[in-house]
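Below you'll find the structure, written out as structure tokens, and then a few comments.
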Amino acid sequence: MITLHAEHLKKNFDKKEVLRDVTFDFEQGKIYGLLGRNGAGKTTLFNCLNEDLRLDGGQFDLEDENGRRPVGGQDIGYVLSVPVVPEFLTAREFLKFFLEIHGKDERKIDTYFSFMRIEEEDRDRLLKDYSHGMKNKMQMLVNFISSPAVLLLDEPLTSFDVVVAEEMKEMLRQIKKDHIIIFSTHIMELALDLCDDIVILNHGVLEEVPKENLDNEEFKERILEALRGGEDD
Amino acid sequence: MIKDFVISFRLRNTYKANGFIYFLRQLPLVKKLLPASAYKSRGLKKLANVIALIREVVNTFLWKGIYLALIFAAAVTLFPDIGWEGFLNAFFFLTLAGGFLNTQLFDPTNDKYYAIILMGMDARSYTLSNYAYFLIRVFIGFLPLTCLFAFLLGQSPIWGVWLALFVLGIKLLFSGFILWDDLKSVKKNLPDSTEKRDAMLVLLAAALLCVAGFGLPLAGVALPVTAWPYLLTVVVILAVFGGIYIFRCREYKRMCRELLKKAPAFAATATTANQVIQANSLKKIDYTAEVSAGRKKGYAYFNALFFARHRRLLHKPAKRICVVTVMIFAVAGVACALNGDIAAQVNEMVMNMLPLFLFIMYLIHPGRSMTQAMFMNCDHSMLSYRFYRQPKVILSLFVERLKSLSLISLIPAAFIGVELALLLAMTGGTDNVINYILIIVTILMMSVFFSVHYMVLYYLLQPYNIQLENRNAAYGIANFLTYIVCYGAISRHIPTMIFGTGITLFCLVYIFAALVLVYRLAPKTFRLR
């Protein structure tokens, strides 16, 4: 069992406190729905975890059967809402390069493409000519392949058509048993449908919204209530 | 209309004032003193507004002053025998070229986009009021300067009034014509290729007009001064028609919608100018199925593909530069063979004007465009992957890139170095044979220097964030200083032996120091801001 410990996280932008002594534990086998109002700091939290931003205080630790240690580069996979892929490569070249530097079997390239349902005729096209959704698929794929302990997903499903979005949800449900998945979204229905736990970032503090014995409508009301407590910026 | 103009003027000024505060906040030390709340500080806003206004006033006169000073300098130095006639000749043809090229009415600027498309201001009222303001600025900007230069050339300052009116007339005449032509294109929905062809034709016409402006007086021919009253009369009459057409036209809404598609702020996918640069940068990627990455693996393979896919940015310009230098060399060689005076001058130049080639190497080196493509087409995406930000990855890719960039830019440098050495030999040679070697080595060293310099600047000061916003003013300042230093070298006359030895030693020290800095600092500095 892997646990991600976020402890006493602090992050300020000028005088604005975006993360205010955030402490939370995320557990393997769950998809966490991270909700928060615009500007609440969801992306900042992800960026700090991915070391794109430096924390002003606190730390992230990972605990498994070997003990507890600080989070390292190989532990985090980050799928951004705007897909980032090297546009000058074909999908096959990107995957070949990625497998090579991660010491994985290059002969499996087509298996991976098939797993992600990327059609044969698309595999040798330049990534710059891919649609937004297709680029997102590639970004998801390389993050799945590197199999990090923690997978951060920042609004990743919004660019997919309904069929692909359902396929992706199914894929996430399949892989969650080996990972900690944190899923940031503004779409409540998606969070309720996909996520096991709902976590809200409000006033720089992270808190879980317990579902207890509520039905979906009552749960939704409780989440909205918690969100309304946040400032709108 | 006046109300619309005042609103648009205030909008533009606010835009510029915020841009100024934003710029200040990018400066390393100032940033700490100016919090984000600086944008609401009334005092600072007023100061920024005043500075924006001062810039507006300075811009009204500065470029026109430089432009007229250049024509004046040409008249008194290149064709002093027909000074005033030559000045008028150059002014006439360059004003015609300016009529094509400087047409405020059709500039797809962000402030126009915000006012007309985003805020829904009346397109006609906005366009015409701002165009009238542009014309007033043209007249006010030119009037004192044309009077001054007429006076300096021994003419009555009243000439200044006629010349300023002539510029005004040409602006109206050409803008009227282009507006008529543009509306025709919008109605016919002509394809982009036609637009590109027209743009090429305009550039060609402008180039020919510039050649006529300076070339005719150099050949001792110029428009006679007596023709000017007739020319002015014709231009004023046609300008009246142009002006009537512009100010009576009712199609500005449609024209602006088409025109402002080219504005940097257009489209949700391109919200900053840099995103437009990225979109353009992506267009420069050529798909090549047969990339020969050889046995390369990992980052070497990745880099080989990057350079292969950017051949248009690297190989083609390098080839073109080689061809051009061979042509210049051939022409210079023939001229030297036919004329002993020219041969002596070329010999003197090669032996004493090597600093000029610092600027030439600066101009032809692809380092800046290449590092920009590296970011826009590659690092912008890849830096968001943690594996790509590991120190050993950053450094190994840096080395691969530096090798590729240096090798490609060495080819035109080698052409230039060898051609200069050959020219020296053909024009009487030199007593000291080391000079031949030194010329070639110096040019090659300059090329390596620029490769290292641009790569080091990029790796140490990488200025962009994921939204492609520039977050590091130091990068711009460093590039500007590079330009200033190279430009300053143009007029230096230093014997090749001294300059060549000095610059070679300097380059070696710089390259060593820069590489040490990159190895120490790049793992920390090379990341998205």
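Here the Cβ of each residue, glycine as well, is placed from N, Cα and C on the backbone.
TrEMBL: automatically predicted annotations, no manual curation.
Quick look at what TrEMBL annotates:
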| type | residues | note |
| --- | --- | --- |
| TRANSMEM | B:61-80 | transmembrane segment |
| TRANSMEM | B:86-106 | transmembrane segment |
| TRANSMEM | B:131-153 | transmembrane segment |
| TRANSMEM | B:159-180 | transmembrane segment |
| TRANSMEM | B:201-221 | transmembrane segment |
| TRANSMEM | B:227-247 | transmembrane segment |
| TRANSMEM | B:321-340 | transmembrane segment |
| TRANSMEM | B:346-364 | transmembrane segment |
| TRANSMEM | B:405-427 | transmembrane segment |
| TRANSMEM | B:433-461 | transmembrane segment |
| TRANSMEM | B:473-490 | transmembrane segment |
| TRANSMEM | B:496-519 | transmembrane segment |
Kindly say whether the transmembrane segment (B:473-490) and the transmembrane segment (B:346-364) touch, using the definition of 3 or more Cβ pairs under 8 Å where each pair is 6 or more positions apart.
yes
Winner by Cβ pairs under 8 Å against the transmembrane segment (B:496-519), considering only B:61-80, B:131-153, B:227-247, B:346-364, B:405-427:
B:346-364
If contact means at least 3 Cβ pairs within less than 8 Å, sequence distance 6 or more, would you call the transmembrane segment (B:61-80) and the transmembrane segment (B:201-221) in contact?
yes
Other parts of the chain folded back onto the transmembrane segment (B:201-221), taken as Cβ under 8 Å at six or more residues beyond its ends:
74-75, 78-79, 81-82, 85-86, 89-94, 96-97, 100-101
In the same chain, who gets a Cβ under 8 Å from the transmembrane segment (B:405-427) while lying at least 6 residues past its ends?
307, 314-315, 318, 321-322, 325-326, 328-329, 332-333, 336-337, 343-344, 346-347, 350-351, 357, 360-361, 364-367, 370, 435-436, 439-444, 446-448, 450-452, 454-455
